[in-house]
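All remarks here apply to the structure that follows.
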């Protein structure tokens with residue numbers, strides 16, 4: 001594995017390849033060597049770093065190492081030169097095939113980032129949240145997004161610097177997360193005590209102190225990276241005689257991928273036996289989150305003592321030099337987490353004040369949401385009332401329309417029939433003044449009178465049906481002339 005891969009992958013928990021066969025010196029009896037469990041149970045696997053550009057980073061490194069010229073430069077370049085970007089200039093000399101593949105990887109990464117940023121903008125814009133454009137641009141810091149088509153020297157330089165910066169902040173962020181975890185755990189314990197009566201609080205405090213004592217009651221923990229600690233691994237994990245302990249052989253046995261370096265995973269695997277002395281997942285008093293923090297502390301301690309060039313890898317030479325130091329032969333005792341509280345009283349006080357402010361803000365938001373809910377319910381009630389009024393108005397209009405509809409056909413009048421109500425209130429119209437029916441205009445008067453007589457008798461009231469026509473009273477102005485006066489034809493167009 002190259003220096004570059006060690007820089008970008010080891011301390012970010014990048015993919016480190018676990019080899020199936022271990023290099024064992026000829027002087028060691030291989031039948032007595034007990035390989036670590038992870039080397040015989042699982043095939044090589046890649047581990048996600050948690051970086052949003054994790055896959056892009058791993059694929060770029062893998063393809064660069066396939067180029068012979070670039071791989072040789074990696075082994076001959078100082079780590080500081082790599083960090084400063086001098087190695088990136090060697091990109092111009094890689095093969096065309098590798099360069100083409102790097103271009104394709106960059107285009108895929110730019111497309112992925114654009115899709116994610118657009119989705120984030122849509123979500124934040126839909127929720128009326130101000131979009132932080134500077135934060136979005138930071139997503140492109142590991143490449144030159146102004147040129148989305150080809151992978152250039154600047155892209156490799158940016159990738160190395162971004163990974164180096166993230167590497168430097170990685171452990172610090174993990175420690176801060178653990179500190180918040182511990183303070184939250186203590187805060188919840190205190191809040192729980194407030195809910196208990198005096199007797200309940202006393203019992204809870206006694207139980208808490210008992211668990212602390214049980215957790216602290218464990219075998220002695222060896223100083224990480226010391227001779228005693230490594231000899232214990234040699235004996236219990238490797239199955240070898242502690243009297244035959246040899247640092248170089250030990251290094252080769254536990255250099256899991258055979259690249260000549262201890263990376264983060266390989267170092268932390270050496271502390272498993274020490275951690276098992278303190279933590280048991282089946283015990284109530286043991287917190288597995290604290291176990292991982294203890295593992296991190298041990299790894300950082302060894303790195304600070306052994307990694308002389310600060311490349312965050314331990315080479316064989318660095319390891320052998322460290323085994324000759326006094327700290328390796330006669331180390332101080334190791335103080336575990338229960339002896340080193342993760343936070344101070346002042347930090348705890350500030351943390352609880354921050355939680356109180358957050359709770360107050362949440363209560364204000366909850367009250368505002370409740371008010372909005374009540375307003376919406378009132379508006380809904382108003383809408384329901386308006387709906388009822390509208391429905392009543394529609395029903396009223398339908399009733400009015402029904403009243404104004406014409407009577408059924410059997411109730412309608414036919415021909416010249418006079419309604420009874422009108423017959424009692426108004427005098428009947430003389431026959432000679434009524435309009436003639438069609439086809440009767442040219443009929444002589446005598447025939448017309450004979451034709452109309454039966455019809456007029458039908459239209460008169462029931463009490464007048466049997467009165468002869470000549471005996472019927474004439475309307476005013478129509479009295480019969482004297483019998484001795486000459487007969488004159490009637491003029492139907494004459495109006496007195």
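Here the Cβ of each residue, glycine as well, is placed from N, Cα and C on the backbone.
Listed features, source TrEMBL:
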SIGNAL    1-23  signal peptide
COMPBIAS  189-212  compositional bias 'Basic and acidic residues'
REGION    189-226  region 'Disordered'
DOMAIN    242-277  domain 'EF-hand'
DOMAIN    294-329  domain 'EF-hand'
COMPBIAS  359-380  compositional bias 'Basic and acidic residues'
REGION    359-496  region 'Disordered'
COMPBIAS  395-404  compositional bias 'Basic and acidic residues'
COMPBIAS  427-438  compositional bias 'Pro residues'
COMPBIAS  447-458  compositional bias 'Low complexity'
COMPBIAS  459-472  compositional bias 'Polar residues'
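Long-range neighbours of the compositional bias 'Basic and acidic residues' (189-212) within the same chain, counting only residues 6 or more positions beyond its ends whose Cβ lies under 8 Å from a Cβ of the stretch, are 284-285, 338.
Averaged over the domain 'EF-hand' (294-329), the predicted model has a pLDDT of 91. Helix, strand and coil counts under DSSP for the compositional bias 'Basic and acidic residues' (189-212) come to 21 helix, 0 strand, 3 coil. The residues of the compositional bias 'Basic and acidic residues' (359-380), classed with DSSP into helix (H, G, I), strand (E, B) and coil, number 22 helix, 0 strand, 0 coil.
Through the fold, the domain 'EF-hand' (294-329) approaches residues 3, 6-7, 10-11, 79, 167, 171, 174-175, 223-227, 247-248, 251, 255, 260-264, 267-268, 271, 274-275, 278-279, 336-337 of its own chain, all at least 6 residues removed from its boundaries and within a Cβ separation under 8 Å.
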